[in-house]
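In what follows, a single structure is set out as structure tokens and then discussed.
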């Protein structure tokens, strides 16, 4: 071991092995470090054991949360005078220093930092902070979990703070969550407490019954047919030669051409389920029925759309002609008056000329007539 190096608690193992390190100041370290709670490091400093702290490892570590206490061993909390509790956080003189009881209540110390208040009549609570108000007098009037509030007894009346889904003065009314009709597609709404559920009809699903179930998901169509989904139903677009709901039927092969003696008409073939291979012989296993079909050919003439167009055009033309005739008669209407001026004042008739014919005015009411022109010899003025 190199001279001048002192090994403590096997910390200086490097010295024993003869490693080229700077010798530690063993004498100085041992004189300052509390070797019962730590050890000397190679650099001469103290390394404390768990639960101890300080420059020389001379101070124990208190229990976490300890407020007014100390320790003799690690993780202890020994309370100072006047404090109590596990963490030394309760004042033993709370009744004299803080006076926690309110509204005239008397504080009684129970030891260990605890106390209780002796409340005067009409008050209650840990610190006599609550008054026997409307809530207490009514005996918890709020229903369905509602909270009664009366400003700690000082309010004249109580109010109920209702839980979600209830309403009313005392929370007695269950809110109808189906009032807005949230369920779609004819579903039945079932009201609950602050919730609802939809009883969906067949073919729909989802919280609001808005999802149409895919009836083609099970691939019901046969023969490679394409499936088209519907509401609680499906359609199969069968390939040529097949029919039925799921294309399970094989359509018959057309029979031989009709003979000359056969009556004209279509041939109706009964569909046969495709339970086996189709016979190769023509018409084998098929029943053909000839049906006479009488076709009455429509006489040549106007179709319904053309006939409607002609009627409408004729009605409009007649209306225009009638309006023109009425306006013409009104404009050229003549009146016969007794001798003298016309029997009707302007602007309807102008003064009579010679044979007392009245002049018709087409001007609006209130407009002056044009000045009278002298009639030509042998002519009568009329408009």
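From the backbone N, Cα and C atoms, a Cβ is placed for every residue, glycine too.
According to Swiss-Prot, the feature signal peptide maps to 1-26, an assignment based on sequence analysis.
Residues or ranges marked as domain 'EGF-like 1' in Swiss-Prot: 27-58.
Sequence annotations record features per position, and here Swiss-Prot assigns disulfide bond to 33-46 (among others). Its own atom aside, the Cβ of residue 33 (disulfide bond) has 23 Cβ atoms within 10 angstroms in the protein chains shown.
Look at Swiss-Prot and you will find 66-71 (among others) tagged as disulfide bond. Under the three-state DSSP scheme, residue 71 (disulfide bond) falls in the coil class. For residue 71 (disulfide bond), the Cβ neighbour count at a 10 Å cut-off comes to 16, with all displayed protein chains included.
In the three-state DSSP scheme, residue 79 (disulfide bond) falls into the strand class. Contacts of residue 79 (disulfide bond) defined by a Cβ separation under 8 A and a same-chain sequence distance of 6+ are given as 68, 69, 85, 88, in order along the sequence. The disulfide bond feature in Swiss-Prot is assigned to 79-88 (among others).
In the three-state DSSP classification, residue 128 (disulfide bond) falls within coil. Residues or ranges marked as disulfide bond in Swiss-Prot: 119-128 (among others).
Look at Swiss-Prot and you will find 135-148 (among others) tagged as disulfide bond, backed by sequence analysis. Around residue 135 (disulfide bond), the same-chain residues at least 6 positions away in sequence with a Cβ under 8 Å from its Cβ are 141, 148, 149, 150, 153, 158.
According to Swiss-Prot, the disulfide bond annotation covers 162-171 (among others), on the basis of sequence analysis. DSSP assigns residue 162 (disulfide bond) to coil, not to a helix or a strand.
The disulfide bond annotation in Swiss-Prot covers 178-189 (among others), and the record cites sequence analysis as its basis. Around the Cβ of residue 178 (disulfide bond), 16 further Cβ atoms fall within 10 Å across all displayed protein chains. Under the DSSP three-state reduction, residue 178 (disulfide bond) is assigned to coil, being neither helix nor strand.
Annotation for residue 183 (disulfide bond): spatial neighbours 189, 196, 198, 199, 200, 208, 209, criterion Cβ-Cβ under 8 Å with sequence separation of six or more. Summarising the annotation, Swiss-Prot assigns disulfide bond to 183-198 (among others) and lists sequence analysis as the type of evidence.
Taken residue by residue with DSSP, residue 209 (disulfide bond) is part of neither helix nor strand, so it is coil. What Swiss-Prot records for 200-209 (among others) is disulfide bond.
Among the features that Swiss-Prot reports, disulfide bond is placed at 216-227 (among others), with the record citing sequence analysis. For the recorded site, residue 227 (disulfide bond), the DSSP three-state label reads strand.
Secondary structure at residue 221 (disulfide bond), as computed by DSSP, is coil. In the shown protein chains, 22 other C-beta atoms lie within 10 A of the C-beta of residue 221 (disulfide bond). The disulfide bond annotation in Swiss-Prot covers 221-236 (among others) and is backed by sequence analysis.
Swiss-Prot lists 238-247 (among others) with the feature disulfide bond, giving sequence analysis as the kind of evidence. Applying an 8 A CB threshold to same-chain residues 6+ apart, the list for residue 238 (disulfide bond) reads 221, 223, 225, 244, 247.
Summarising the annotation, Swiss-Prot assigns topological domain 'Cytoplasmic' to 328-383.
Annotation comment: Swiss-Prot describes 367-377 as compositional bias 'Pro residues'.
The number of other CB atoms found within 10 A of the CB of residue 236 (disulfide bond), across every protein chain shown, is 21.
For the pair residue 66 (disulfide bond) and residue 227 (disulfide bond), the Cα-Cα distance reads 76 Å. Over all protein chains present, the Cβ of residue 128 (disulfide bond) has 21 other Cβ atoms lying within 10 Å. In sequence order, 236 are the disulfide-bonded residues from 71, 171, 236 with a C-alpha within 10 Å of the C-alpha of residue 216 (disulfide bond).
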